[in-house]
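Q: Structure provided below as structure tokens; questions to follow.
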């Protein structure tokens with residue numbers, strides 16, 4: 001006698017009702033486990049974060065990750081659970097514990113959001129995402145050759161060449177009294193610079209619009225990647241990764257990325273290298289450390305370094321310009337410092353700009369307010385440990401929220417305001433005398449700190465030095481765009497504009 005399921009006698013409505021009941025019971029079970037039984041149940045945080053990735057997905061979708069995470073820390077304190085298996089810290093002690101000793105095996109890049117995103121978009125791990133500390137140390141050692149003081153000195157003429165070329169547009173605007181989005185101008189300028197520094201020739205020249213379209217596409221996929229990273233932590237779900245890769249590969253992102261620098265052109269470029277210490281020749285030196293990089297790893301590292309370096313530096317350029325234009329006293333002071341130091345633009349060098357106290361104070365203050373390495377890029381996977389007095393189970397994703405730390409009244413006076421004078425020598429009675437400068441770590445610390453930070457700061461100084469020596473700028477409609485209110489933040493900053501009126505500086509021909 002054949003077995004007949006009782007469900008076969010049920011109506012479609014009854015079967016649907018049963019499915020709803022089972023789903024509801026499963027959801028209640030997940031909520032109960034996340035809130036009352038999970039190893040992280042002792043850590044406070046929003047209700048949704050206790051059992052789902054929905055809080056993070058919403059913050060990424062709204063493009064308000066930094067400000068909303070800061071609000072959580074203000075509500076719950078220095079330790080906040082922002083996902084079922086994710087904890088954010090907002091203290092200097094936690095930041096030091098997580099990032100200072102990367103090679104001891106306690107904190108890994110494996111399984112983090114950035115590593116997953118990179119794995120889905122690129123075909124091989126990069127210096128930025130590679131989990132293995134030994135391989136990372138070897139790769140870091142060879143790529144570091146592109147960022148030594150000697151290499152930076154040899155790169156300066158290339159930076160100056162592209163700055164001079166880009167200033168022709170500003171020259172025409174200054175003559176006609178025109179207006180421009182200076183953020184867009186600065187980013188285009190640096191795109192050409194880093195493309196040349198990376199590959200030994202302007203291999204990406206004119207392709208910034210392609211990248212910008214990719215950035216918008218990437219912005220829309222962030223919540224989906226967050227959901228995927230959550231599901232991959234569940235038992236038996238790892239096989240989904242291959243399916244997810246296939247689905248995301250079907251999107252325009254990977255194919256468009258290859259259009260920025262086709263692999264065939266990259267190989268041609270590598271064969272034409274003339275000994276310049278750029279990103280490409282540094283990566284080619286990997287064999288000196290017994291590292292053999294296949295074509296995918298070669299391409300992924302070249303593109304990963306270039307795009308990461310471009311986006312963080314371009315944002316800092318735009319944000320620094322934005323801040324000094326909003327504060328006339330700061331703008332006038334930095335212009336006076338530059339114009340009184342250099343008689344002609346030929347005297348402007350990276351070394352001399354590095355000695356200008358107020359210019360560098362403006363850059364540092366911008367990096368304090370808007371650290372480029374913040375958000376999901378700073379995640380690590382922890383072993384069983386104690387961070388800032390809180391027990392963290394093995395496998396927990398942890399990060400220190402630089403945005404909140406560097407805006408904390410615990411470490412800085414008047415923390416939300418742009419006050420570059422805090423970085424100058426301060427008097428005993430100064431309100432900034434008690435600032436804890438050790439809490440300023442915009443490029444992170446330890447072996448995973450940004451490898452290109454000196455190159456980035458040299459480019460920023462050269463661009464500002466040349467532009468402010470020759471031109472005056474006036475921001476239009478200051479209330480039309482407010483960075484904290486209008487710029488998007490997730491993995492990167494997006495959707496910012498700085499509209500200015502361009503004029504020749506007094507006495508400049």
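Cβ coordinates are placed from backbone N, Cα and C, and glycine is handled just like the others.
Computed from a predicted structure; not experimentally measured.
OK, Swiss-Prot features for this one:
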| type | residues | note |
| --- | --- | --- |
| TRANSMEM | 16-36 | transmembrane segment |
| TRANSMEM | 224-244 | transmembrane segment |
| BINDING | 450 | heme binding site |
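I would like each feature placed in context: is it buried or exposed, what are its neighbours, and how far apart are things?
A: Here the transmembrane segment (16-36) has long-range neighbours at 7, 10, 47, 50-52, 84, meaning same-chain residues at least 6 beyond its ends whose C-beta is under 8 angstroms from one of its own.
DSSP classifies residue 450 (heme binding site) as coil under the three-state reduction.
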Q: With every protein chain in view, how many other Cβ atoms are within 10 Å of the Cβ of residue 450 (heme binding site)?
A: 19
